[in-house]
Structure formats: structure tokens, C-alpha cells
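Feature list (source: TrEMBL):
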TRANSMEM  D:12-35  transmembrane segment
TRANSMEM  D:41-61  transmembrane segment
TRANSMEM  D:92-113  transmembrane segment
TRANSMEM  D:120-137  transmembrane segment
TRANSMEM  D:172-192  transmembrane segment
TRANSMEM  D:223-245  transmembrane segment
TRANSMEM  D:251-270  transmembrane segment
TRANSMEM  D:277-296  transmembrane segment
TRANSMEM  D:302-323  transmembrane segment
Amino acid sequence: QPKGEGSAEATPVKNAEESENPLANKKVALIMQQNLGTFSAQYIEGVKEQVAAFGGTVTVFASEGDLAKMASNLDAAINQGVDAILIDHGTKEALNQGVEKAIEKGISVVAFDAGVEVEGVVVLEQGDQQMAEMTLEKLKEDANGEGNIVKIWVAGFAPMERRQVAYADFLKENPGIKEIAAFGAATANTALDTQAQMEVILKQYPNEGDITAVWAAWDEFAKGAVRAIEQSGRTDIKVYSIDMSDEDLQMIQNENSPWAASAAVDPTDIGRIQVRYAYQKINGEKPEEHIVLEPIFVDAAKLPENKVTTNELHEFIDGWGASDQGYSKALKELEESLK
Amino acid sequence: MSGIQKQFGKVTALTKGEFVLERGEVHALLGANGAGKSTLMKILSGVYQQDDGEIILNGKTVNLRSPKQAKELGIYCVYQEVDTAIVPELSVAENIMLDTFSKPGNIFISNKKLYAEASKALQQLKAGNISVQQPAFMLTLAEKQLILIARALVHSAKLIIFDEPTAPLSVQESTRLFSVINDLKNNNVGCIYISHRLPEVFEISDRITVMREGATTQTFKTTETTENQVIESMLGETFRNELTKIHKSTSEILLEVNGLSDNNKLHDISFTVSKGEIVGVVGLVGAGKTELAKTLFGYNQFNKGSIYLDGKRVQAKHPSDAIKAGMALIPEERRKEGLFVHESLQTNATFPNLRKFSHRFFMNKRAEKEFAKSIVKSLQIKTGSVDTPLVHLSGGNQQKVAIGKWMSLDSKIYLFDEPTKGVDIGAKVDIFKLIREISEKGNGCLYFSCEVHEIIGISDRILVMYDGRIVKEFSHEDATEEKILLYASGGTEEQNERQKYKHSI
Amino acid sequence: MKDKSINILFKYGTIVLMIAIIIYFSFISDAFLTYNNFSDILRSISIVTLLALGVTFTLVVNGFDLSVGSTMSLSTVITASLMVWYDLPLWLVLILPILVGVLVGMFNTLLIVVIGIPDLLATLSTMYIVAGLHRTYTEGYSIYNNMPLVSGGTAPGELSQAFLWIGQGKMLGLPVPVWIMLVMVFLTYLVLNHTRWGRVLYMTGGNAEAATLSGVNVKKVKFSAYVISGVFASMAGILFTARVGSGQIDAGAPLLMEAVAAVFVGYSVLGAGKPNAIGTFFGAAVIGILLNGLTILNLPYYAFDIIKGAVLVSALAVTYVHAKNRFSAG
Amino acid sequence: MKDKSINILFKYGTIVLMIAIIIYFSFISDAFLTYNNFSDILRSISIVTLLALGVTFTLVVNGFDLSVGSTMSLSTVITASLMVWYDLPLWLVLILPILVGVLVGMFNTLLIVVIGIPDLLATLSTMYIVAGLHRTYTEGYSIYNNMPLVSGGTAPGELSQAFLWIGQGKMLGLPVPVWIMLVMVFLTYLVLNHTRWGRVLYMTGGNAEAATLSGVNVKKVKFSAYVISGVFASMAGILFTARVGSGQIDAGAPLLMEAVAAVFVGYSVLGAGKPNAIGTFFGAAVIGILLNGLTILNLPYYAFDIIKGAVLVSALAVTYVHAKNRFSAG
Ligand SMILES: Nc1ncnc2c1ncn2[C@@H]1O[C@H](COP(=O)(O)OP(=O)(O)OP(=O)(O)O)[C@@H](O)[C@H]1O
Ligand SMILES: Nc1ncnc2c1ncn2[C@@H]1O[C@H](COP(=O)(O)OP(=O)(O)OP(=O)(O)O)[C@@H](O)[C@H]1O
Ligand SMILES: [Mg+2]
Ligand SMILES: [Mg+2]
């Protein structure tokens, strides 16, 4: 990628090596299950930025969606003697063993959306139920409480299960809203596969009004669905989703985009917050072990005429990208000392 | 074997194959190329099944469905194409013991035992110098053949078929082979011996059976017949007449080759070809004839020496350069190298000179058709139409197409590599006529072949090749089959005298 | 008897199959046999057809290009990046990805012709390497209008309307991608069937050895086929970007099988018995129509892979059984 | 001179490369050359090695199995579903997926031996069909303990501890998967190099015609090689399920290239010059060590594909350049 115009170089960290702060020069490993799509890329950026600000180094372990490789990567990170391990997605069956080993060795572990259940691990999760409720409420409001909806969802991931709970409750409480189709699969190429499937659904329900809205439990799903709808030329279907990367934001801002709303935590923020909790653990602090990240609701109607990126989103959507979650006094001092 | 018939698609290989072999006898099987010798033997060794006729072994009618079955009955074959029966990656020992692996028996294999048994077999053949542990692809053609014979020995065969075993062998190697065959005979093993070399047939065989055009013509007792009788039975009269016509040549030099060497097969080759002359190049299989033809044609590269055509130096990096300079090659492996057998005659005929049959980028299909029709007529090619794929043509007619495709180019020199291989007698005559006609127009011809009698018949001058060198030049008048064979297997006349002398003591 | 029926199957199988599918589906759904649906089907196969044309060229010379999918992915992200990151003029945006396709073709040629790795293995490796390259190039991001850059700031450019017209516009009642496809099919047909060079390509594929001895530089011919394949893959990538309006990662990978299947289904159209442009187009159309119809039948999406695979296997089976028979008859 | 250096490269290249990599990385990182790290590396290559052993068998008979990745995916979800959906006893859970592997092998044989489709194309088709099948089987879901079922309710079973031990347990200081891998490598070595049947396999691959003449039923031999390949892929799938504790979809696809690369890297180990068990194991180890080391170097993840591809290409290049030289020298 090229250097953007007027891009401010990330503030170079001075003197990390000479710094006397015991927290500088830490090695952090980031173990990811899947690393495709803009969400992941932004999340990695958040991690890198925050670790750099703390004077440490990050190693990213990619697993191509392969859980066995993810478990091996976790082992490799432990063997390399890193100070902290950040985990992004994965399942408890695959990871618990490795995480236990890491805790035994005194490595700080912070997991995001991973379903890991081990004593001493800080677990971050997005307010999944809350996000689902926010978007579903908006859907109901736009549809006046009645309509046929398509659900795109996949089982097998802890956050997805939580979103499903909220969705099931919502359907029960709103008999006017019916699910006419449900599908979804997390593949190596989720957005494109979803697009193909959505095209199938659209052909199945070719008439205006057959489908009121699509609810996508993950932004990769939403992307595929939105593209399929846009290309079919249908204007009667709206899309509501959870999670939002910058790419999604651009699509939401397209003229006549069917994408009506999303609820999400800024992916960059997730990365930053995860690093902060890891450093708290390194520093011997005792943070809560179950952290819920506050979701933000992004309404397409609130966005300005000209396009903005997630970097500027905070000007229009309250609370976006400005989270201070996870800072402790020691960390603030560390960051100050390295500037 | 009696009344054996075999067809391959539209080709009839055998019409009436008859053959009787007695225990402990060496029985030679003779016949021109394509007479059906190999096919008959492949039927006997279970590779092909006959369409009709029966095989009687030890008084019982047998039905040979596979080589395995034939081997169980003690019938082994040393194939003409040795490479079909050798596994190059495996060691010499493994290749010798190859047939044991498919038989039920021990699950595990001991290498030590394997090597020991293989060595024993090789020693029997007086070839103990071949290391049994080296992979088979390192061997020479002659050594590979020994492996196949050793394979038959290991299994105490009752009947061994030798299909042209001496073609790649030098005189010394042949002598050794003959003593092995004699040993076998003394052990009551029946041997069938196929060869084109009459002197050695007369030296080794007890009886001779001759085949022509898929049928057995006659069986002689070796001691009661002469070479001429056999040849007559093999070839028929017309063919011989055709070959004895002599042709006058001019002396203006067309092609001049000086000191040609590659680092591999060819060594210091020099010769000339005059306008209107047919020069024969003769040598054993593997002598380097094909190599030489392909090197002249730019398919292989040489690193020393020079080639002049019509006074101009030819430096062909690719056959396209050679074609531009005025050469044409009719390669040995017609189906593999010379023709596109699944394409039509028309497509084949125009291919070397597409420019002539196209307008700008686009093909001119009418001109193509006209040309194809013209060569069908002038070369008397028998075909349904010019759109018929070549697979449906007979070998001889295919060969005519392989020659005819150069007719649009006005080449100055034609290289024929074994142009009569697998071609029936009638077509052979046509092809010889064609070569004559080409030379009569003032073009030069180089005729590469291992068929000594054919070479003698067609050539104005004969070059003998041995091991990548030209070892002797004969004029048409001086050449005899014996002298040529002697030089072709690395001997010289003086040496030969001495050897004869030694023998008599 | 059996041979004859295989021969007929071979010659008219594809076309009969296509007609049967069309008749069947038009009974089932009124929406099927409409101008709009067919123009949609044509548009949906346009990208695959371009890829398949490239594969056709490599098959004609008896090679095989498995790297077209990756090459298309690479071209997709490069096309988008040229506009989004570097804000280059349209003509450069159209030319540079094509050059990248040429490079991939040259790399394939290097492996196959110079080093001597068998075609399928060589292009399989290239497939992986190019897939890695295209991810490295974007650092894992998809490329879209005004995206923020890793180094800070936002990207200067966006996909222009003129560019998007290539993928989304209409001309004389047909979508632009359909026009592009038809033109390319026709050009390929012309080149392969009616030019000198087409003849050389087919002959090289039929018997490389004989072609060499007839004065054809087989290496150059193979080179040209692989380069053309790369160029077609790049064009498919450009078309994909214009169609989707952004540079998605891994866009081409799923299309590889469809493209290969199209070529093999097309092998036999009207008894050509060899890879050919019209056949490839029909092959892509049969698959496109089949998939369109199957969605009407309401088959789950994951079953589609099985059906695509089955179509590929049937096409291969008919092709090779026919080849066997023809050979043994000769 | 040039030939000689290629020969040496061919014979000792892999081993020298491996030693060089190990030395280099142990200078860079203290953590690299430890017992734990190496036992982890071995565990991480165990699944790929099983796949690669299957591919080795097909290469020995001069075939090629591209469907092993998909077969492994299928076996993975079947293994998990047998426990989770149907709550079957352990022995059935271990046997049924193996049978499925046998079936895939038989299907490949059908395409290759009976119909006569070239190996690479046939197994490429199988790869897609089996991938479609495994998704259809799970309807696109991954399978995990007590998952909710589409038909309502939750699944009755979960992966038992005894089963998980296969993937996650330890025995005599080494992880169980490593033991399984070592035993399988040894068995394959024994079969290929020291049994009669191993000779028959090599014979068939080296010269099918000669093998036929020696009384080998080449069709049966090919059949057995493809079935064994299917069985190895199934075992890899079972191991994967036990390691991960759930039945992920598409688990095998990314491993295909690594397995193929391992076999080709291993081609040359100690100058074997043909596919062989020990070589395959070394090949997998070299790649495993390389990837482990590269993460230490902190290379971006998207560059890994390029490196794997480059390793594959280099292995292929050395193999085929060597073959060319040998041929011309022979
Ligand atoms: N597999 C085959 N398919 C088609 N035709 C064949 C096949 N094998 C042999 N023929 C044909 O059968 C005829 C007899 O061939 P065969 O090899 O038996 O002759 P031969 O007497 O051994 O000749 P040579 O002296 O050249 O070895 C030839 O015309 C040949 O082209
Ligand atoms: N070591 C060997 N193993 C097997 N085959 C061999 C060997 N050496 C030579 N040959 C055979 O001999 C041919 C080489 O012949 P070359 O071109 O060197 O001379 P040639 O005199 O033209 O032989 P031919 O009489 O077959 O045309 C090869 O095609 C091959 O079939
Ligand atoms: Mg013969
Ligand atoms: Mg020759």
C-alpha cells in the first residue's frame, strides 16, 4: 500500500530500547483464526498501534481459518517465550490446552471472542446481544413491525450463539415479523459465497415485497448480501448487520445502498483495548476477567453527504473510535514516557 | 502355432501364422519389416490374443491370456523394444527378478538374496561385470538386453524368444550372445530367433521359418538351404529388381559437413552429398544415425564443426532455420515425429509451409485443398479423401504423406531416417521410386537405415556409422552386406582376418 | 453399437442437454424463459467465459493453466488499487493489469518450458504463489473507494463511472460484459479456427514433436498460449472489479473449477473433439443455465459444488472415453 | 560441472537446507532449539505428513491425488458428526471415516482406471465433488459438542475424552499425533522399500508396460494406491478432529499444497530420486521448521503463501531439472 497524502506517520516511539520502564520492550503474540477482510486488517492495526505505543513488538500468527494450525501457532508462541498472547476467535476445544500451558508459564493471555474458559484469562467480548437487539429494533421500526426477513447466521462461534439468542427472543416477541429463509457459512471466502447464496434467495423471491429485510449476524455476510441486492437492482430490501469495518462503512454510504444500519465496536478499538488488558496483566494488575465492549449503533441516516471513513466517524456517531477502556494509570504513564 | 490371425483395427498384421518349435532347437524366424514376426511372437508370449488359430504346447492346446500365464508355462520373450520391459528407476537386480514380485510368496524382500540371485544369473551370461545395484537407466542398450535374458534364465524358461537381439550389439557382444544361446540349447531350452542378418541366422539356427505379409511362407532346414533361397522366399522378385537399378550422379557438391561433433553421441563427422546423389548412412541401432539426422536438421545442437548447404553456411538453432536453408527431414518415428495422425491429410500436407496457403493471417482453405489433392495424385496416395484423418491410412501411405508434406517447399536436400520401417512391400517400392524421383530432380538425399540390403540397393554411396563416427565409405560397387556389417559393428577388415585366423587354430 | 452411441453423445450431448434443461426449467417456472433472465444468465457467465477462453488456449497447446483463478484475483486488486490508491487515468488502469497477466504467463512459461515442470504442477504452484502475492500486495485488505490507508490518511481515488460502466452498463439492450464476452469468443474463434497461428497452436498441441520437426518453435508457441491465458485472466479480473465496484481479495479462486468445466464440456460441442472457442462458450452457458435453473428448483447452495463437479466429471468422461474409442479405431 | 552441482543439490539439498535453517534460526532465537519447540513442530506437521504419505503412494504408481484435502475435510466432519449427532461408540467413530476414505479412493480409481481420465484432472474433479459433499452433509455448519440442530433441539453427543486424547494427549514424552505420524512413516517405509508389494508399486509407476508384462495387474495396483491415499486422508481428518475438538468445515483444503510440497521436497532426500516415505517426512519437517522459524522473523502472514509456493517450485524445479539431466545422460 502506498503512503496516503497527508498521512501522519504513526508517532515514532522514542527510546523504547533505552527506556527504564519495565513495561517497555515486551513481546506480544497475536494468534488469529482468520485474517481475511478489512475487519481483521483494521483489528491488527489497532493491536500494532497500541503495542508500538507501549514500546513493544507484535508477532502475528495467521492460521488461514485452520484451528489445528491455530493451536500449533499458540504452541509456537509459547515456546518463543512471549510476554503476552492475544487470541482472536477460535474455539475452546482447540485452544484450552494451549492457553492452560501459557498461564502455567506466566504468560498473560487475553482472548477476544474465543470462547476460551480458563482461569486467569481476560476474555473480551462485544456486547453481542445488545448489538443484535439494537439492529433488530431498528429493523422493526423501519418495517413498522411487520415483514418477511432473511437471516444470515452461522453456528459454531460463541459470539454468533449470543447473537442468535437475542434474535430468537426478538422473533418470539414480534409475531408480525417472519423468517422466510436462513442460511450462512463461514468459509475461506465468506463474502463471495454469501453473495452467491443471496442471489439464489433473490431469485426465489422475485417480487417486490417478498423480502422486507435481511438481518446479517456478521458484516462479511452483510457485504455479500448487499452486493447481491445492489446488483439485482432491487430497492425494496434493506440490510441490517452486526460488526462494521471501514469497507462496510463505505458501502453503507453508497447512494441508494440497501444497508440501513449496523451495530459494532470499532475494530481498531478492539485491538487497542485487548493490548491494554494484556499489559495490565503483565504489570501484575488484576483486571476483571470478563470484559464487555460497548457497542455503537451506526445509522445510515446519520451519516453526512460526503463520504467519511471510520477515522472520522466519531464526528458523526457518538463514542466511535474513542474508547478509553482498559487504560490503567501505569499504562498511561508508560505511554507518556515513550512519547 | 497354426492358423494364427490378428488384426489391429483396420490393419491386418497376421493372416496365417504357422510355427513349429521342437525342444532344444534354435529356430529362426525371418521376414521383411512388418511381415508380422513380432506380432506372432507377442501372441505366443501372451501380450496379444489371436483372433483365430490355436497354440499347442507339449501336445495340449493352450489359451494364453496374459504374459503372466505364458511365463508360468515357461515361455519368455526378449522383446525387440527392450525399454518396454525395463523399469528404469529400479536396480539391475530388481529388474532381473521383476517377475517374482507379482507372484504370491514372502511379504518381505531381502535385498541381499535379491542381489545374490541376480548376480548368479548375470554370471551365467558372462556379464558379472554389471553392478546389480545400479539403477537400470544407467545401462546401455546391450546391457539392458542381457538383463532381459537373465530374467528368463532366473525362471528356468523352457522357451525363449529373441526378437532381433543383435540389432544393437557389436560383433563381440553378438558372439557372446550366441554362446549363451548354445548353452541354452544344450540345456534343452527351445529358442526362437528373429533377425534380419542372414549370416548369423545361418550360423546359429537349426531351422528357418520365413514369413511374408502376415503369413508363414516356408520352413527350411538350415543345413539344406541357401541365403538366396531364403531371401527369395522373404521378399519376392519385384522388390529385388527395384533395388538393383543404378543411378548416375553429378559431382557438384550440395551439402558439406566438416568435423561435426556434439559432446555426446557424434564424433568428428565429415562427408559430402552431391546434387542428385543418394547417400546411404548405415549403422546398428544406437549407432547415432537418428542423432546425426536431427543434428543436421537443427533439432539437436552440435558444438564443433560446420555445415554448408549449396555453399552457404547453415547454422540451425532450430528446425525452422534448417527448413529455411532448404532441408527436409522425414523422421524415423513417423507417427510420433512426422505426422499429426489425428488430423486430415490436407492439414498435414500444408503444415510446413503455412505461409503459402494463407492470406495475411487467415488460412486459404481452397488453396490447401488443391495442394493436398495434387500430392495425393502425384504420390499415388491411397485415401478416401483429403479430409480423412491419417490414422485411417496404411503405414506406407502415411509415409508418403510424411514425404509429400515437404513438396510445397522446394527443399534442396532430403534426410530420410528409416523411411521403410514398418511399411509393406508395395509401398516400399513406391517410396524407393519417390526417393529416386526426388534425386533425379537434382536434389540431394541422405538415406539413414540399418537395413543393409536396402541401403545397398538404393544408395549411390554408402557411409558406415559406428558409435557416432563414420568409420568407412563404400561406393555402390564395393559394398557388400558382410563388409558393411563388419564395419558397422566396430571391426575392420584386417582385424577380421586375424580373428578368422585365431579361430582356425 | 456402444461406440456409436458414445459418438452421438459426444457430438450432440452438450446441445441436447442444454435444450433439455431449458425446456425442463421453462415448464417449472415462468420466470425462466424471459429475455431478462437470459440476459442475466449471459452476464453471470461473462467472467467465467473469459477465464475459460484463456484455459482453452493453454489446452489447445496441450498445456493446462490452473493459475487463472489467482491471476484474476491479482488483477482484480491491482485494477482497484490503481484507481483507489494511485488515482491513475483509465487507460493505465486497463493496461497495467493486463501487463501483470502477461508476467504471470511468462512465469508459467519459465517453469514449464525452460525448467520442464509438467504443466499442471507448474501452474498449481503459480496459483499458490500468485494468491500469496495478491494478498501481500493489499496486505489483506479489500480495496474500495476512499479506503483509509495503513499509513494513515485516506486513499485519494475512487472507481470512476466510466470504469464501472464496463461491468454494470448496458449497450443496445445487452449488458456491456455480455458484449465483451461475445466479442472475445468471436475473436478467439477467428484466431483458433481461421488463422495461420491458430493452426500452429492446434498442431503444437496435437503433436509437439512433429510440430518442431516441421519448423515450429514449440517453446514460443507455448509461451504465447500461457501469456494469452494470463491476459484473459486479467481481463476477467478487470471485469470483476467493474462489476462489483471494489477490489475483493480471492475473487478468482472459486471460478477456476467452473472455467475448467466449461472448457471440457465445450470440448465436444458439434464434435470438435478438441478445445475450441464456441464450445467453451456453450460449456459456460450450459453450466450457467443449469445453475440458474437449479436455484429455481430451490437446491441448497452447498449442493451446487457437487453438481458442478458432476458436470465436470461427465464432460471429462465423455471426452476421454471418446478419445479412447477414436484411438483404438484408428 | 553444472550437472554435477545439480546432482549434489538433488542429493543433499534438502538435508543441508534443513540444517542451515535450524542453525540460522537458533542464532536468532533462543526459544527455537528447544525440546518443546521441536516436539510442537512435529505435532504441527503430523496431519500434513499423513496427507503427504497418501499422496506419496499415488505418486509412486505415477498417479497424483489432488483430492486428499477434500477427503480429509469430509472425514473431519463425519468423525465429529458420528460422535455429536449419533453418539456412536469410539470404534465405529474410527472405522466409518476410514471406510469413507476407501470409497473416495474407489471413486478416483473409477475415473482414472476405468474411464481413463488423466489422474490430475480426475482427482481435481473429485476434490470439488467431495468438497461439495462434505458441505452438503453438514449443511454448511461446523460440528461441535451439543450443537443446536436445524431440526430443533441440541445434538445428543460430544467428543469423548478418549477420542480427544488421540489429538491432544501425550505418551512417553511425545504428543500422541507425533507417535501416530512416526508409526505411519515407518510402516510406509517398510511397505514401500522392503516388501514385495512395494516393488510392485514402484514397478507400476516406473514402467506400467513392463509391469503388465511381468504379470502385474496394473489396474489393481493403481486402485490400491488410491484407496490407501483415501485412507491416509481420512486418518488425517480423524486426527484433525481430535486435535481441534470439533468438526470444522473445509479443514483439509489449505493443507493440500503443503502435502504436495512435502512429497516433492522429499523426492530427492539422500538421492532417492523417487517418492519415498522418509523423504516425505523430511519434506514436511523442512516446511514445518521453515514456517515456525519465519514467524519468529515476524514476516507478515500473507507472505507465507508465497514462501510455501516458492519452496514447492524449487522442489519441483530441482526434481525435474535432475530428471532431464538424468535422461539425457542415460
Ligand atoms: N499395436 C499395433 N497396432 C496397430 N498395428 C500394429 C500393432 N503392432 C503391429 N502392427 C502392425 O502389424 C504389422 C506387423 O508388425 P510386426 O511388428 O509384427 O512386424 P515385424 O515382422 O516384427 O517387423 P520388424 O522387422 O520391423 O520388427 C505391421 O504392419 C505393423 O504396423
Ligand atoms: N541405453 C539405451 N537403452 C535403451 N535404448 C537405447 C539405448 N541406447 C540407444 N537406444 C535406442 O536407440 C536409439 C538411439 O539411436 P540413435 O539415434 O543414437 O542411433 P540410430 O543409429 O539412429 O539408431 P536407430 O537404428 O534406432 O535409428 C534410441 O531411440 C533408443 O531407442
Ligand atoms: Mg518386429
Ligand atoms: Mg534411428
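We number each residue from 1, going along the chain as drawn.
Placement of Cβ uses the backbone N, Cα and C atoms for every residue, glycine included.
What TrEMBL says about a protein is an automatic prediction, not a curated fact.
Since we're looking at a predicted model, the values are computed, not measured.
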In contact by Cβ distance (the transmembrane segment (D:172-192), the transmembrane segment (D:92-113); 3 or more pairs under 8 Å): no
Per Cβ pairs under 8 Å, the stretch of D:172-192, D:251-270, D:277-296, D:302-323 packing most closely against the transmembrane segment (D:12-35): D:277-296
Stretch with greatest number of CB pairs under 8 Å, the transmembrane segment (D:223-245) reference, D:41-61, D:120-137, D:172-192, D:251-270, D:302-323 candidates: D:41-61
Recorded stretch that, among D:41-61, D:120-137, D:251-270, D:302-323, has the most CB pairs under 8 Å to the transmembrane segment (D:172-192): D:41-61
Same-chain residues near the transmembrane segment (D:302-323), Cβ under 8 Å, at least 6 residues beyond its ends: 6-7, 9-10, 13, 257-258, 260-261, 264-265, 267-268, 273, 283, 286-287, 290-291, 294
Positions on the same chain near the transmembrane segment (D:251-270), where near means CB under 8 A and six or more residues out: 10-15, 47-49, 51-52, 54-56, 59, 66, 68-73, 76, 127, 131, 233, 236-237, 240, 244, 276, 278-284, 286-287, 308-309, 311-312, 315-316, 318-319, 322
